[in-house]
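Colleague: This is the structure I want to talk about, given as structure tokens.
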Amino acid sequence: MKKKVLIGLSGGVDSSVAALILLQQGYDVEAVFMRNWDSATNMDFRGNPTLYDETCEQEKDYQDALKVANKLGIKLHRVDFIHEYWDRVFSYFIDEYEKNRTPNPDVLCNNEIKFKAFIDYSEKFKPDYIAMGHYAQIDHTGDEPKLIRAVDSNKDQTYFLSQLKTEQLRNVLFPIGNLPKSEVRRIAKEHDLATADKKDSTGICFIGERHFNEFLLNYLPAKEGDMRRLDGTFIKRHFGLMNYTIGQRKGLGIGGTTDTTDAWFVVGKDLSTNTLYVEPGFEHPYLYSDEALITEVKWRGAKRDGKFTAKFRYRQEDQDVEIKWIDDETFKVFYPQKIRAVTPGQVCAIYEDEVCVGSGFISVVYNEGEKRLYS
């Protein structure tokens, strides 16, 4: 008897080709389209460029998923996780901005929706596996599954999957993890899939492209405050700390207001005084740190102090680090080479060679023992 796989079919080219490959490998495949956002229900009006479109983006994606399912001859189910997404992902996203941190919704989206709500939903189908069109690989040969980087390093998504627990990966397949993106496109065209030339999705996970600062105003009021240099010199007013992140250059509007020709960057934020700190120069020393406290850690395998590599943001080059555990869900990470713009709220993903062993959230950032005013 064929083993059964339930795949998340998003209406994009990656999950389309993943479904095709599963069929070619001899699995009994059914697909599920997840709808996780409703602009009317969620008051998504400001900053929404698709607000007046005749057909919403998620409906267009569903129609593309349906075309692919029909082409492949597989059944497509449709499920709404709108409330789950709001409660488990988006509320946290907004809370983090309110706390003056910069969250990564894609990490929570995977942890809470694609590999939790979806897995719970899949139980009624009794599949042997679930599958997604992620660029990642899983080694199922040992006692516990290992999350391994994708062949296409530019598309590797293990950073976004780094918070998953071992049990969430146990019955998961990533059919395109061993393929470069160019090959995925080629396969889609060769098999005349409707999504072959469709652009990759961008923007906020399951929400899409938004004019971000305006979008946040749907949920958080902007609180103006002072923009100052680290020595206290007043520069101008800012439009709300939530609109800025550490290392940001764009949107400061300082040009012509000072006597320096260097570009200005956000180097600090102080929620207690609602002050945004800026300094000229991409390499300003205050943008660099050598240590961070990592909390809410999810780890796969035995915990040990020692040397690893890390990514402090998506697509960052691997950084040599040393970690020291404080308790079961907290460690400190040290990087004496100093790294620019390590930002509270973002994820620090830890790797041992090609294996992603876990991650946690950047809580506090230090340089030479001094806490940075990053949050």
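For all residues, glycine too, the Cβ spot is worked out from N, Cα and C.
Checked Swiss-Prot, it gives:
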type: BINDING; residues: Gly8, Leu9, Ser10, Gly11, Gly12, Val13, Asp14, Ser15, Met34, Gly133; note: ATP binding site
type: ACT_SITE; residues: Cys109; note: active site, nucleophile
type: SITE; residues: His134; note: site 'Interaction with tRNA'
type: ACT_SITE; residues: Cys205; note: active site, cysteine persulfide intermediate
type: SITE; residues: Gln346; note: site 'Interaction with tRNA'
Colleague: Please give the maximum pairwise Cα distance, in Å and rounded to a whole number, for the ATP-binding set Gly8, Leu9, Ser10, Gly11, Gly12, Val13, Asp14, Ser15, Met34, Gly133.
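Modeller: Across Gly8, Leu9, Ser10, Gly11, Gly12, Val13, Asp14, Ser15, Met34, Gly133, the widest Cα separation comes out at 16 Å.
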Colleague: Taking the Cβ of Asp14 (ATP binding site) as reference, which residues of that chain separated by at least 6 in sequence fall under 8 Å from it?
Modeller: Gly133, His134, Tyr135, Ile176, Val184, Asp200
Colleague: Between Gly8, Gly12, which of the binding-site residues has its C-beta surrounded by the fewest other C-beta atoms within 10 Å?
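Modeller: Each of the binding-site residues Gly8, Gly12 was scored; lowest Cβ tally within 10 Å is Gly12.
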Colleague: Express the distance between the Cα positions of Ser10 (ATP binding site) and Gln346 (site 'Interaction with tRNA') as a whole number of Å.
Modeller: 25
Colleague: I need the CA-to-CA distance for Cys109 (active site, nucleophile) versus Gly8 (ATP binding site), whole Å please.
Modeller: 13
Colleague: Please determine which of the recorded positions listed here (Met34, Cys109) has the lowest count of neighbouring CB atoms within 10 Å.
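Modeller: Selected from the recorded positions Met34, Cys109 on minimum Cβ neighbours within 10 Å: Cys109.
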Colleague: Compute the C-alpha separation of Gly12 (ATP binding site) from Gln346 (site 'Interaction with tRNA'), stating it in Å without decimals.
Modeller: 26
Colleague: In the three-state scheme derived from DSSP, which category covers the residue listed as 'active site, nucleophile'?
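Modeller: Once the DSSP labels are grouped into three classes, the residue listed as 'active site, nucleophile' ends up as helix.
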Colleague: Tell me the Cβ neighbour count for His134 (site 'Interaction with tRNA'), meaning other Cβ atoms within 10 Å of its Cβ, over all protein chains shown.
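Modeller: Excluding its own Cβ, the number within 10 Å is 27.
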Colleague: My understanding is the cutoff is Cβ-Cβ under 8 Å with a sequence separation of 6 or more in the same chain; which residues meet that for Gln346 (site 'Interaction with tRNA')?
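Modeller: The list for Gln346 (site 'Interaction with tRNA') reads Thr102, Pro103, Asn104, Phe312, Arg313, Phe361, Ile362, given in order along the sequence.
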